[in-house]
Amino acid sequence: MAPIKDLEGVWGKPTSTLDWCEANYVVTPYIAEFWNTVSSLALIFIPILDLVYTKLTAPKRIHIERRNYMACLAFVSVGLGSWFFHMSLLYETQLLDEIPMIWGTCVLVYLFFENNSKPNSRNYVLVVFLVLYATLITGIYVLVINPVFHQVAFTLLVLAALVRGGYCFFYLKMECSPALFLLSVLLFVSGGVLWLLDNGLCMHLRHARSLVPTPLDVGLQLHAWWHVLAGLGAHCQFMFSYHSRLRYLKHRTTEWVGWFPLVTIIGKENGHIK
């Protein structure tokens, strides 16, 4: 099987420590990994939709805690970093992708661990711990330049959020949405499997893509599909945390669990909006 050669575009030769399975500059000389870049839009626009939706659908007299908006903006930064990284494959933009992944997921972890705290409270101990964790991981990663180290650190944060979600539902018996929780797990696991297959079967995938014309080869761009599934998984995690927090604060909600799950506030449990 002859290897599929990468082309060279306006960004020059890749300087990043990672060069994914998608062939470089095949579609346009301005984008190194076309499908990986385009799929990053899922990581950008999904949290923007979450932010706008939670803002517009909340009754005027119900205060939405700032932490929810911060989580959405943190995920937007991850998507923007991913866009620039896959577009250029430069080391600087790689850091612009990977460092926000750590910091943004720390915000999500905070949401999960504080979904049964007092209204508008702040857990400064947890904030300090997460800031120290993110700072330590960032510093070590910049020094050792080992992608596996970053991947392990990121995975630990995702697992922490998932374990906390399961703990709230199964042990604390909080009013949570099991469908949202299980869907987030399914999406992240499925995306993780595609990520592994994209790395492990790269030469076979590249050969298969060479037999299919663009854009039909998008179905074989597994890293791009990881972006989509990760974006939807993060969305479900956010909605799960948002829903459990609202129920803890005694807000009445309605949930729609379909291809794009949503949670809406419809009032207070006593029938009044305060």
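The backbone N, Cα and C atoms fix where each Cβ goes, and this holds for glycine too.
Note that this is a predicted model, so its numbers are computed, not measured.
For the Zn(2+) site, TrEMBL lists H223, H227; matching the candidates H86, H150 against that entry yields H86. Scored by C-beta pairs under 8 angstroms, the transmembrane segment (125-145) has its highest count with 95-113, from the stretches 34-56, 95-113, 151-172, 179-197, 224-242. The least crowded of the binding-site residues H86, H223, H227, judged by other CB atoms within 10 A of its own CB, is H223. With the fewest other Cβ atoms inside 10 Å of its Cβ, the least crowded of the binding-site residues D19, E22, E33 in this structure is D19. By the Cβ criterion (under 8 Å, sequence separation of 6 or more), the transmembrane segment (68-89) is in contact with the transmembrane segment (224-242), since 3+ such pairs are found. Distant neighbours of the transmembrane segment (179-197): 158, 162, 165-166, 169, 205, 222-223, 225-226, 228-230, 232-234, 236-237, 239-240, 243, 255, 257, 261, 263; these residues of the same chain sit at least 6 beyond its ends, with a Cβ under 8 Å from one of its Cβ atoms. Stretch with the most C-beta contacts under 8 angstroms to the transmembrane segment (34-56), considering only 95-113, 151-172, 224-242: 224-242.
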